[in-house]
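Okay, structure first, notes after.
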Amino acid sequence: MLSRTVIEKYFIAEKQIALAFVIIGIVAIIIALLGWLLWKTPAWKGAAIPLMITGCIQLAAGYTVYQRSDAQRVANVYAFDMNPGQLKQKELPRMQQVTRRFPLYQAVEIILALAGIALFVLYRNNAAKQLLSGLGLALCIQAIIMLGADFFAAKRARDYTNDLSNFVTHQP
C-alpha cells in the first residue's frame, strides 16, 4: 500500500544505488587507466576498453539518478498529500515506462556477459589474442555487475509501480 514512507524508501534506495554506481564507475575508470597506461599488457589493454566504456556509463547514469532523486522524492511525497492526481498523471506513467525497460536492459546485459565469457574462454590460452581475452573478462564482470544491480532495481520498481497503481485506482 502506497504511503509517504513507501515513496521515501523507494527514492532513498534509488539514491543509494546511484551513489554505488558512481563509485563503481570511478573504480572501473581508474582500473581501466591503470591497465592501459601502467600495466600495459595486451590483456589489460583489452580489459581497459569495456572498463572505460561501462565505467563512464555507470558514472553518468549514477550521477544523474543521484542528482534528481531527492527532488523526485519531495515532489512525489507532496503529490501524495496534496495532489494525488499528479501521481496518476506523471509518476505512474513514468514508472510504468521504467519497469518496461528493465527486460531489455537485462537481455542486453546477459548477451554482453555471454559474449565476454565466450571471448575469455576462446582466447585465454592464446598468447596472440590476450587483448580479446582481457576484453571478454572485463566485459563479463561489468555486465554481471549491471545485471545484478538491475535485478534488484527492477524488483523495487515493480513493487513501487504496483503500489502506485493500486493507490491511483482507489482515488476518486
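Using N, Cα and C of the backbone, Cβ positions are placed for all residues, glycine too.
Database features (TrEMBL):
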- 17-38: transmembrane segment (TRANSMEM)
- 44-66: transmembrane segment (TRANSMEM)
- 104-123: transmembrane segment (TRANSMEM)
- 135-154: transmembrane segment (TRANSMEM)
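Within its own chain, the transmembrane segment (17-38) is flanked in space by residues 44-45, 47-49, 51-52, 54-66, 69, 134, 142, 145, 149, 152-153, which lie at least six positions past its ends and keep a Cβ under 8 Å from the stretch. Sequence-distant contacts of the transmembrane segment (104-123), counting only residues of its own chain at least 6 positions beyond either end whose CB sits under 8 Å from a CB of the stretch, comprise 50, 129-130, 132-133, 135-144, 146-147, 150-151, 154.
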